[in-house]
Amino acid sequence: MFKNLAGSFRAVSRVAFKTRPSLVRSYAAFDRSKPHVNIGTIGHVDHGKTTLTAAITKVLSEKGGANFLDYGSIDRAPEERARGITISTAHVEYQTDKRHYAHVDCPGHADYIKNMITGAAQMDGAIIVVAATDGQMPQTREHLLLARQVGVQHLVVFVNKVDTIDDPEMLELVEMEMRELLSQYGFDGDNTPVIMGSALCALESKQPEIGVQAIEKLLDAVDEHIPTPTRDLEQPFLLPVEDVFSISGRGTVVTGRVERGSLKKGEEIEIVGDFDKPFKTTVTGIEMFKKELDAAMAGDNAGILLRGVKRDDVKRGMVLAKPSTVTSHKKVLASLYILSKEEGGRHSPFGENYKPQLFIRTTDVTGTLRFPAGEGVDHSQMVMPGDNVEMEIELVRKTPLEVNQRFNIREGGKTVGTGLVTRIIE
């Protein structure tokens, strides 16, 4: 849909801790006997995303595949903000017979936008929740557009609140409209599974055919329709930093989703950020979902305990990387695709010295866009919505960057383009 540039926007998912993490105590080892998949709920506000997440944990808890978390346990963002910890995604762990899932639920709409665009809620697939009472709504469409932009290719639809609808034709209409909408945004509208049910009925153990049985059908559809992703384990380790904690007497923990490679306890690692020279440290512990890991691998949402690093030395947007594999830069050449008005982008063209926000992995940074220097370049030309264009980008601060690094371009609260770094200039 977005030419060749709107592929996977790789980044990390935030790990949600109920309390500050106390890494690597007497935790059991993490079981890797099943494939690990990152999934999430998207959709319009109040359509039942968090209720559905709670219902999934309830149904699976009765089979030993999850710990039941009620709505309040998942939707704890206000409590966390009051304590000064801005954990804006909730991570829930569960297992089906076939897979282990990390499920991300962002209770607030603003959190969704921020986390989907920076890739903090990067998913291998998603469940889009739509209320039978409303059908598709503005945020349904916005989240579909965002999912497409950040590289989510596989969805399952859950039509929620069917217990409040008496007219079967209304449900058919909601399904038909959703299939059309999916096709409009570049998804497989004809073959995407659409499950009808009521998350509330599942939570309250009422009307099993639209309650518990619907949740079971949904999980079967997720198992079957969302492919197990191929993880990039051969490349050098890289983890974009999502959050940082300090543990008294132990050190500093950084959390994030491993983008590629693997990391073992005791290995040396480099912290790369907006400073001139990266600094090295040693990994003293690795944890995922309160289970100890010998190694973190691509796709894991991990907490990494670092030796001799102060809390203020590391911040969101930096990366942990295998030494000498990643460097920070201020100026790059990039191939850009500017979204058309119909794709949710700008309505008007822009010229040289345009200064949007660039969302790169887990950071956002202002950049100035200019046409590359060279003979015959018209520096007064305009870039139109829908154009593919090559431009130089100068960032306001050094940022960890690589050739083939993907990023999103944002302005005024919406995505206006996508980009791919083609050359490092300085």
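Cβ coordinates are placed from backbone N, Cα and C, and glycine is handled just like the others.
The structure displayed is predicted, hence computed values, not measured ones.
Copied over from Swiss-Prot, here are the features:
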{"type": "BINDING", "residues": "43-50, 105-109, 160-163", "note": "GTP binding site"}
{"type": "DOMAIN", "residues": "34-230", "note": "domain 'tr-type G'"}
{"type": "REGION", "residues": "43-50", "note": "region 'G1'"}
{"type": "REGION", "residues": "84-88", "note": "region 'G2'"}
{"type": "REGION", "residues": "105-108", "note": "region 'G3'"}
{"type": "REGION", "residues": "160-163", "note": "region 'G4'"}
{"type": "TRANSIT", "residues": "1-27", "note": "transit peptide"}
Handout entry: Helix, strand and coil totals (DSSP H, G, I; E, B; other) for the region 'G1' (43-50)
Key = 2 helix, 1 strand, 5 coil
Problem - CB contacts for Lys49 (GTP binding site) [other CB atoms within 10 A, all chains] - result: 27
Exercise for the section: Helix, strand, coil: count each for the residues of the region 'G4' (160-163), based on DSSP. Expected result: 2 helix, 1 strand, 1 coil
Practice task
Take the domain 'tr-type G' (34-230) and average the pLDDT across it for me.
Solution key: 82
Handout entry: Cβ atoms near Gly43 (GTP binding site) (within 10 Å, other residues, all chains)
Key = 26
Exercise for the section: Taking the Cβ of Asp46 (GTP binding site) as the centre, count every other Cβ atom within 10 Å, in any protein chain shown. Expected result: 15
Handout entry: Number of Cβ atoms other than its own within 10 Å, given for Val162 (GTP binding site)
Key = 24
